[in-house]
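Written below as structure tokens is the structure these notes are about.
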Amino acid sequence: MASTTVAQLAAELSRSPAALLEQLQAAGVGKATPDDVITESDKTRLLDYLKRSHGQSDDSARKKITLTKRETSEIRQSDSTGKTRTVQVEVRKKRVLIKRDDVESHGDGADSQESAEAAAEEVRRDEEQRREQAEALARQEAEAQAAREAAEREEAERRAKQEALEAEQRRQAELLAQKAAEEAAAAQAAADAAEETAREKAEEDKARLATERAQAQKNADDAKAAVDKARAEQDSAKAAADKARAEQDAAARRRREAAEAEARAIQQMLNAPPRVLKAPSERKAEEKKAEQTGTLHKPVKPAGATTEAKKDDKKAAPAATTTTAAAGDKKGAKGGKTGTWQDEGSRGKKGGGLKTRGDSSGGVGGWRSGPRGRGGKHNADDARSNFQAPTEPVVREVHVPETVSVADLAHKMAVKASEVIKQMMKLGQMVTINQVLDQETAMIVVEEMGHKAFAAKLDDPEALLVVDGEDHGDAEMLPRPPVVTVMGHVDHGKTSLLDYIRRTKVAAGEAGGITQHIGAYHVETDRGVITFLDTPGHEAFTAMRARGAKATDIVILVVAADDGVMPQTKEAIAHAKAAGVPIVVAITKVDKPEANPDRVKQELVAEQVVPEEYGGESPFVPVSAKTGQGIDDLLENVLLQAEVLELRAPVDAPAKGLVVEAQLDKGKGPIATILVSSGTLKRGDVVLAGSAYGRVRAMLDENGKPSKEAGPSIPVEIQGLSEVPAAGEEVLVLPDERKAREIALFRQGKFRDVKLAKQQAAKLETMLEQMAEGEVQTLPLIVKADVQGSQEALVQSLQKLSTSEVRVQIVHGGVGGISESDVNLATASKAVIIGFNVRADAGARKLAEHNGIDIRYYNIIYDAVDEIKAAMSGMLAPEKRETTIGQVEVRQVFRVPKVGAVAGCMVTDGLIKRNSMVRVLRNNVVIHDGELDSLKRFKDDVKEVKQGFECGLSIKNFNDVQEGDQLEVYEITEVARTL
């Protein structure tokens, strides 16, 4: 055995040698230096000392290890029905191992060593035998347990509810038995250990005193007595568990028999013949007769005892019936089957009704309400309340979403859908159960039906966008270029001014010299970068100008010095003030001889735009786009305003922006011009614009050159969207395409549902308006344009042309070329196709020619408006005008058989024509207005008779012609009307 020093032991224990020496000396081990050798006995003494100092006894010094082993197997067992089922069997084995103390040897004799080994071998054999017996016993008990569990599962399938309680009780019994078995095993192991220790010590210490052997024998006897006691406790626990299981089985059997008896009683009641209802008068007579005569079971009671009997009747009747049922009376079991339903109802609390399981107080309430019931006192009152309808209506709080179907609305109010349909019919609208209602209509219906309506908040995925936007609020804010919008009246020189700044010829490319798109450009000057937005000045582009003002920081208001303030100038001022942006006024065309800048200033002051020289805030700069006069001053004022505004935006953040313009290219697909307002837009980003989403596949600047990224205030053209977005939509960069698709689909569905609901709600109003107005001419149109903004402006301009007689109907409006589907739609709706800066492909042209569809092409918006206006004028009913062409005097009247009155007349003025319209005037009063039937001169039919000649004539459906009457001859001409 290797020797160990104090220093080595201290190193193993991670302690200092000095502290270990102190503990050894306290334990009674004489060690002075770290180099002293320490033996196993010294270690044992030190360990015993430490255990005693920590509060542990010698008995606890022994280490006990409990090993639990589980084995799961399957057995197949046939049940009573012959079916074979598989039962999971789990066998648990538990072993307790105790580490015994090291035996100190007090002698060197070989006899004691051999005897110790022999004794140890004998003890091991005894322990192995006992372990085998314990395993066999555990195996038998596991098999019995598996059989019991199979039987219990079969019982649980029949009566699941009862089995839950039985399983709980059985589990408790098994826990008790298992606990007792564990205690017995622990006691057995402790006894074996004690006996073995005593035997070893007895063999080793033969020289010891007889008193010690007697003490060891006594300890062994005590341990054996403990084992016997544990076994007895185990047997008693097992007997108690068997007894409890038997009692549970008996209780379950009793409950099953009682339930079967109850079911038989219910079946007998259902099979009994129906009883005849009696009138209240007959019932009262019978009750009165019964009170007078009485029976053997219910004798006549004195009047004074009636009230007391009624009070005690509820308690007395159950007791009496229970006694009768216990005696075996069939009437008690069936609950008075000979009585009538009226008797049961009239008796109320007197015990009438079905009686089951020995309960005689069925009453009017439930079958089991009786003396053992928890609510027997209130059963009759509860039963009667079941037949009473609620007196007050239930008012519900209904949360109405933006769109809801009739069926869902009825479900929210807990009424039938037919009730909602009836209410809608009362309100004058015919709906079906699946029809979608808008929020306003649905809330009116809810209020009409007596409930409270609230506008529900949608589970909107767009709410996540706000959170995402806040996450990047800590990005560094850097200066950004100003966004300047050039606004003004048409032909006042906006594009020419911008052209001079950019040194390019933009105006020459616009049709008719007018701007019809928003042009976005950024210009690098010596003083910094400026982004310009050139908006149209034509009146049709109101929405475009509003979008330009929304996205801008500064507005350059262009006013021609020779023209002054015009309608679109006033509109531009209103847009700028609504957006809250500063205005810089550029007075153009000052190089013309007829220019009058002072008049322009006075007119702008009247529009609340006051120049700085008058004490206002708006700088006025006279400029000329031809000579370049004042251009530098204009840029200087713009940059000065930008410095005052301190324009800043985050650069290292997801981009946000605005759709300035959008179009559909046949080869590239949807294209959108975007003005980045904050962040940096990069190629490959996932963008969301309204209901359109996609990944940026390509990005071009305003000159058509590819660009990898765009910072704040930089306009770019992107490709890769799923559809053409609406101009003016906000553009966001999202982290993944799945989220963008989810929000885009939600917006599409929301827009579609709201639009459909509003259309359905307006159908009745539209129908009534058409009935009131009579027949209205309709001009159906299909509008296709190159960009979204032009299509929007053209549609709005055409819809403004509608009148009470002719209405413009926009069947479809879109972006891109004219396709065959557009021609098919025009064929079905009999519409005219208008192409604005687009053309039809070969297939569409051939199909349109075959179907006779008219396709008109325009590149100037007011040309399209003028032609549609002329077409609408042709659809107007012509105006009828009267023209007097002659005067005729009746000189003589002739009566001709089968013809009637024929007037001999003199044409005094003008002429008279056959089939002309005439008015008969007598004493200058019109008495008839009609048409000539015939016109003759000397018995010959003539076409006309001029002034100074005589003629004979007759008037249709008028014979009361007298001498002296005046005939006024006139004709009606149709004159084409204009809008």
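Even glycines carry a Cβ here, placed using N, Cα and C.
Residues or ranges marked as GTP binding site by Swiss-Prot: 488-495, 534-538, 588-591. The secondary structure of Gly488 (GTP binding site), as reduced to three states from DSSP, is extended strand.
Here the compositional bias 'Polar residues' (78-87) has long-range neighbours at 146, 149-150, 153-154, meaning same-chain residues at least 6 beyond its ends whose C-beta is under 8 angstroms from one of its own. Annotation comment: Swiss-Prot describes 78-87 as compositional bias 'Polar residues'.
Per Swiss-Prot, compositional bias 'Low complexity' is recorded for 174-192 (among others). Counting residues 6+ beyond its ends, the compositional bias 'Low complexity' (174-192) has Cβ neighbours under 8 Å at 94, 96, 98, 126-127, 130, 134, 145, 220, 223-224, 226-227, 229-231, 233-234, 237-238, 240-241 in the same chain.
Taken from Swiss-Prot, the feature compositional bias 'Low complexity' applies to 317-327 (among others).
Per Swiss-Prot, the feature compositional bias 'Gly residues' maps to 351-368.
Residues or ranges marked as domain 'tr-type G' by Swiss-Prot: 479-646.
The feature region 'Disordered' is assigned by Swiss-Prot to 50-385.
As annotated by Swiss-Prot, region 'G1' applies to 488-495.
Feature annotation from Swiss-Prot assigns region 'G2' to 513-517; the stated evidence is similarity to another entry. Confidence annotation: the region 'G2' (513-517) carries a mean pLDDT of 47 in the model.
Annotation comment: Swiss-Prot describes 534-537 as region 'G3'.
Per Swiss-Prot, region 'G4' is recorded for 588-591. Cβ atoms under 8 Å from those of the region 'G4' (588-591) belong to residues 492-493, 496-497, 558-563, 597, 622-627, 629-630 of the same chain, restricted to positions at least 6 beyond its ends.
Summarised by DSSP class, the composition of the compositional bias 'Low complexity' (174-192) is 19 helix, 0 strand, 0 coil. According to DSSP, the region 'G4' (588-591) comprises 0 helix, 1 strand, 3 coil. For the compositional bias 'Polar residues' (78-87), residue counts in helix, strand and coil come to 0 helix, 5 strand, 5 coil, using DSSP.
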